[in-house]
Amino acid sequence: MEFDVVVVGAGPAGSVAAWAAAEAGCDVLILERKAEIGVPKQCAEGISAHGLEHAGIEPQDEWIATEISRALIYAPNGKEFEVPGDGYVLERRVFDKWLVVRAVEAGAEVELLAHARRALLDEGRVVGVEYEGEDGVHEVRARIVIAADGIESRIGRTAGLVPSLKPVEMCTCAQYEMVGVDVEEDATHFFVDAEFFPGGYFWIFPKGEGRANVGLGIRGSESEPGDALKVLNRALEDHELISEAVADAVPVEVNVGGVPVCGPVERTYGDGILLVGDAARQVNPLTGGGLHTSLVCGRIAGEVAAEAIEEDDTSASFLKRYQDRWEEEFGKTFKYALKASKIFSEMSNEELNALAEALDREDILRLVKGEEVVKVAKKVISRKPSLLKYAKHLMK
């Protein structure tokens, strides 16, 4: 078999890449290791309205669980900040399939239960994929391979583009979908506590009628395998605000996984290959959110792949335009978020509470967006001189 483009992974990044490439006239094959696309879900399912708009995707009632108008952020001492912002909590099992259907309607083919083993190389150039299907091991040739195969990316590793993750470079995550959760359902809820959730935070994302995704991420360097679920259960019992919200709630689904928080890999392209989504570690290191970036970077990857096929040039020098384009969209955001993530992960509860006392909601919004950071840092220094060392790092 031979295709113009083989996409490994049918998550949002891979599906949008396949959709864009197929829409541009490429012969596209999607290889997906799961039996069912979108199952199990691997995230809290939230995305901003801007994120969908940026990706060129119109909201559809069939995959929107609830609409969001704000975020509520809680400091360790319980102080609450309201940050306005429109968004959605999705039904990812519906959304992910919807994206694949768009790719198929554009002409892409899909093979499920296809476990990618390695990239096929010819003198350093990626020329296809070896995968294990239901009836044995196969090789499929491609002019371009788009690796969207997740955080461990076998394709990216065998192509020499994806290094191993260190514990400090990832967060381990655990989440329940629960029914009977008592929170305001027009808001997403974020709880920061260095003692409960070291190097991370806790979230409640409402899905309507008392349903919600309730979970956390904690820094891998601050935990052992399996700790995330233990910490989640402890928070449900012992954290004052969280335990109150879930007092009558019952879990109906559990999900565990990992999120890279180290910023993107150095090179997301090579001869005959592009990396997208978690495979490229295109995840915001501060929030751990990757859906918005995956959708936009996936579309860029599909478009650049189609341009390369059209120009008959799949060299790294041509495909570099993919990285140039996504860096133009997200480069500054990733750089700031990585710096801010490192700072916040080092702060104690006493320091986090002091920061909360120094800031108002507009300041919090600026910090989250990475806007007017120097102005906010100067305000922190004037109000809480004890936080000077952190504020100075933000100003660099």
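Just so you know, the numbers here start at 1 and follow the chain as drawn.
Backbone N, Cα and C atoms are what each Cβ position is placed from, and that goes for glycine too.
Record features, source Swiss-Prot:
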BINDING   ALA13, GLU32, CYS43, ALA44, GLY46, ARG92, ALA116, ASP278, GLY290, LEU291  FAD binding site
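Structure coloured by features recorded in Swiss-Prot.
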residue	record	Cβ contacts under 8 Å, 6 or more apart
ALA13	FAD binding site	ALA148, VAL276, GLY277, ASP278, ALA279, GLN282, SER294, LEU295, CYS297, GLY298, ALA301
CYS43	FAD binding site	ARG92, GLY289, GLY290, LEU291
GLY46	FAD binding site	ILE68, GLY87, TYR88, VAL89, LEU90, THR188, PHE205, GLY289, LEU291
ALA116	FAD binding site	VAL8, GLY9, LEU31, ARG33, VAL129, GLU130, TYR131, ASP149, ARG154, ILE155
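DSSP assigns ALA13 (FAD binding site) to a helical segment in the three-state reduction. Over all protein chains present, the Cβ of GLY290 (FAD binding site) has 25 other Cβ atoms lying within 10 Å.
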